[in-house]
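Enquirer: I have a structure here, written as structure tokens, and I will follow up with some questions on it.
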Amino acid sequence: MRRARPQALLLALAVVALLGAPAAASAAVPGLGWLQRAVGVQSRIAVPAATAARTVTVAVVDSGADLAHPALAGALWTNPGETAGNGVDDDGNGHVDDVHGVNLLDDTQPPLDQSGHGTAVAGIVAGRPRWRGRSGLASGVARVMVVKVLGERSKGSTGTVAAGIRYALAEGAQIINLSVTTPDDDPEVAAAVGEAAARGVLLVVAAGNHGRDLRDAPLYPAAYRTPDMVTVGATDRDGYLVDLSAFGPGVDLAAPGLDVPALAPGGRATRFSGTSAAAPLVSGAAALLLARHPGTPVVTLRAALLNGARRTTALRDEIRTGALDVGRAIRRLDRRAAVRGR
């Protein structure tokens, strides 16, 4: 119900950001705002103080980010083995000055965003609260590892995407957000996805924006089925799947993906639409769950997200489970922790 393969292969992002003129600052919304309510956040999530100090690392494998954006201040991962600006590969990982992440298109440059897509995704995960009416879902809990694999017009190669996943794994990301798609089943990307599963790292993947059933028109990596992956479709404010969202039983979960408040390069604000906007909401939700329950196995984390989803008439026969509900997912993990503590 709705309202390799070669390295030169271009891989378009799953979603187009609406990044024209800067959006006006939103008026303050009473309470938590429509977006938080839509994903089931009814109150501030209680996180143990010791855990909040550690934070959860979310790799955004995308087009980079505006590292100087005021809403990302304090929200970026910092490589503990690297000294900024000294031109030396201090930690011996093969990348010079990868302080907040890496630019896999040009290792001599920081992972700055040329298209705006990665900045929007990063802000949805972890942007500072109430910056011009925008708040990252896991603000104060998640730290974004910026992994640039896409350049101008949000395109890149499948080989670079695979390398981005492997960088995130090597540097300790606990969650990897992939708001990218390609129609090609590339063995390098498939192998990197398999490595993430073997390492117990959650992959959150945008379903894609072709508006078709993934069984009939598969997009990758969304069409891979691994026990550590959540594939995300996009809904509107009324909870219906947006027309451009991929659908079918291969799409695990849905989250808001129409006019989502987001960040734009140059310290600006914007709105962002498509499955690329929906996926980081699930990444942020997963970060909240991990912060509250550190050490949760990836299979259990994924099960909490999927089994906690709200089943709705609007999404029946469209999505495998239903709509993201952070509160229900947290209650599931809380009950599990209580039982294990007995």
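Every residue gets a Cβ built from N, Cα and C, even glycine.
Summarising the annotation, TrEMBL assigns active site, charge relay system to Asp62, His117, Ser276. Here TrEMBL flags 54-311 as domain 'Peptidase S8/S53'. Positions annotated as signal peptide by TrEMBL: 1-27.
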Enquirer: Restricting attention to the domain 'Peptidase S8/S53' (54-311), give the mean pLDDT.
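Expert: The answer is 94, the mean pLDDT of the model over that range.
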Enquirer: Cα of Asp62 (active site, charge relay system) to Cα of His117 (active site, charge relay system): how many Å, rounded?
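Expert: Approximately 7 Å lies between the Cα of Asp62 (active site, charge relay system) and that of His117 (active site, charge relay system).
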Enquirer: Roughly how many Å lie between the Cα atoms of Ser276 (active site, charge relay system) and His117 (active site, charge relay system), rounded to a whole value?
Expert: 8
Enquirer: Under a three-state reading of DSSP, tell me whether Ser276 (active site, charge relay system) is helix, strand or coil.
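Expert: Assignment for Ser276 (active site, charge relay system) reads helix.
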Enquirer: Please state whether DSSP places His117 (active site, charge relay system) in a helix, a strand or coil.
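Expert: In the DSSP reduction, His117 (active site, charge relay system) maps to helix.
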